[in-house]
Amino acid sequence: MPWHCHMHDTMGLPLLVLLLPLCCVSGLPFYNGFYYSNSLNGRNSGNGHGEGIFNGVKLVVETPEETLFSHRGANVTLPCRYRYEPALLSPRPVRIKWWKLSENGTLEQDVLVAIGLRHRSFGDYQGRVHLRRDREQEVSLEIRDLRLEDYGRYRCEVIDGLEDESGLVELELRGVVFPYQHPRGRYQFNFHEAQRACEEQDAVVASFEQLFRAWEEGLDWCNAGWLQDASVQYPITQTRHPCGGLSLAPGVRSYGPRHRRRHRYDVFCFAAALRGQVYYLEHPEKLTLAEAKEACQEDGAQIAKAQQPPEQV
């Protein structure tokens with residue numbers, strides 16, 4: 001029987017790859033600031049002139065409005081700058097904090113905190129993040145070796161004493177969304193099993209935003225599947241009787257949140273956009289999975305994953 005093999009090259013792209021253009025950072029920044037006026041009795045302002053009172057000084061944090069796009073394994077910089085209005089005569093010591101906002105019920109993640117030249121990173125970001133300070137009052141975050149889980153919204157916070165201000169940066173990764181079904185048939189996964197199934201395909205459970213973009217690109221699938229927020233949904237581009245009937249408009253249809261352990265569905269996974277060619281390897285005998293993997297390796301390739309359809313150029 002034929003097996004699908006995947007030959008790496010630099011020309012092909014897998015089906016359903018979301019070819020999302022890299023958005024340029026606009027020259028129009030997002031301003032998120034406030035005015036404050038307080039007496040800092042006994043506190044050295046650090047500007048060399050003994051200014052201890054901030055009267056009508058505005059702390060402004062600037063981040064791009066546009067979503068940034070990158071891909072797994074790349075390095076990306078999340079831009080962030082701050083300034084004062086009116087400008088101060090000399091710099092003040094500030095504390096910088098970056099964290100990733102919660103997505104659909106997940107916990108917020110601390111990424112990095114810094115005071116002066118000292119900084120600390122947290123969790124899976126340790127050793128992969130640092131501040132870029134190429135310009136005065138720049139506190140951009142560079143993330144190296146991007147992972148699939150790194151997509152989401154990040155907050156850049158500047159803290160000056162008791163005052164603080166922040167801005168948001170949204171990061172998306174290029175990739176492919178694909179439905180995945182248990183080998184025994186449809187609707188076999190609870191949410192936790194669905195997570196493991198995607199991981200076995202070198203993927204993660206897709207977010208609603210990723211599924212919606214795939215639907216915009218033409219993904220049509222009648223079986224409902226888990227998403228990252230533990231909701232169950234499915235994308236329909238062509239209405240038909242078996243998929244909710246003809247009265248409903250095309251779109252991403254939702255069953256809403258489901259119980260993570262009791263309810264069982266398929267799953268939508270998200271994987272990195274891969275390059276390569278998928279082809280059938282003919283063999284005179286039936287092969288086990290282990291034998292199929294070995295046959296692909298002998299042919300100078302590797303066995304394809306679920307997100308890599310055949311006849312890919």
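Think of each number as a place in line: the chain as shown, counted from 1.
Including glycine, each Cβ sits where the backbone N, Cα and C put it.
Residues or ranges marked as signal peptide by TrEMBL: 1-27.
For the domain 'Ig-like' (58-174), the mean pLDDT of the prediction comes to 93. As annotated by TrEMBL, domain 'Ig-like' applies to 58-174.
Annotation comment: TrEMBL describes 176-271 as domain 'Link'.
What TrEMBL records for Cys222-Cys243 is disulfide bond. In the shown protein chains, 19 other C-beta atoms lie within 10 A of the C-beta of Cys243 (disulfide bond).
Residue counts for the domain 'Ig-like' (58-174) under DSSP, helix first, then strand, then coil, are 6 helix, 63 strand, 48 coil. On its own chain, Cys222 (disulfide bond) has Tyr234, Ile236, Arg240, Pro242, Cys243 as residues at least 6 apart in sequence with a Cβ closer than 8 Å to its own Cβ.
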